[in-house]
């Protein structure tokens, strides 16, 4: 059964969590659902007349229907492109769960499904006292893992899946996102991932860097 919200994490930073998240939003919308994205913490923002804005969070906003207010979608917009703990310290901000849980509740009231995108890889902390696992527990979310398909991805995927399970949380699916156009034997690597990951594969996003998120969504097969 389709969960009303889930948390998207990745095998590392830069492996396409946002691509996976926006594709999920479009796939959900194609099924007739209202679906909105959320980026609780984003580091690496640009100053605009409307305030600090993050490229990934804006992509989630554009892929959402209805489109939520930016401050609700991205409660913590941190200027420096650093680990959240460092980026928050640079501007004297202490990250806490309450603003995130309040924003999440607002998004849940606006749409049938909320796609929450995490930061970096699973073990990347949010603050000195807050891990992503703490946030996922607070929001009571299952996890979807985006696997960046490149050399080393089998090790990274298995380690990430094991870490999620060790935190007592449920990973309900994974997405293969091709990030290296030079990688050899992609099909075999994805086949090995299918054999070794306990959760089902929700589809594959091919290497098409200029493709729109709606087109990338065509490679996904979400559970009913």
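Each residue, glycine too, has its Cβ placed from N, Cα and C.
Every protein chain shown contributes to the tally, and the Cβ of residue 39 (active site) ends up with 27 other Cβ atoms within 10 Å. Positions annotated as active site by Swiss-Prot: 39.
The DSSP secondary structure for residue 56 (Mg(2+) binding site) is helix. Per Swiss-Prot, Mg(2+) binding site is recorded for 18, 56, 117, and the stated evidence type is sequence analysis.
If you look up Swiss-Prot, you'll see 43 marked as substrate binding site. The Cβ neighbour count for residue 43 (substrate binding site), using a 10 Å radius over every protein chain in view, is 21. In this structure, residue 43 (substrate binding site) is part of a beta strand by DSSP.
Annotated ATP binding site per Swiss-Prot: 56, 117, 118, 119, 120, 177, 178, in sequence order, evidence recorded as sequence analysis. If you take the C-beta of residue 177 (ATP binding site) and look for same-chain residues 6 or more apart in sequence within under 8 angstroms, you find 15, 16, 19, 20, 146, 147, 148, 149, 204, 205.
Long-range Cβ contacts of residue 117 (Mg(2+) binding site) within its own chain (separation 6+, distance under 8 Å): 7, 8, 17, 18, 21, 37, 38, 39, 56, 60. Taking the Cβ of residue 119 (ATP binding site) as centre and 10 Å as the limit, one finds 24 other Cβ atoms among all the protein chains shown. Those same-chain residues not listed among 18, 56, 117 yet with C-beta within 8 angstroms of the centroid of the Mg(2+) site C-beta atoms are 8, 17, 19, 21, 22, 37, 39, 42, 57, 59, 60. There are 19 other Cβ atoms within 10 Å of the Cβ belonging to residue 120 (ATP binding site).
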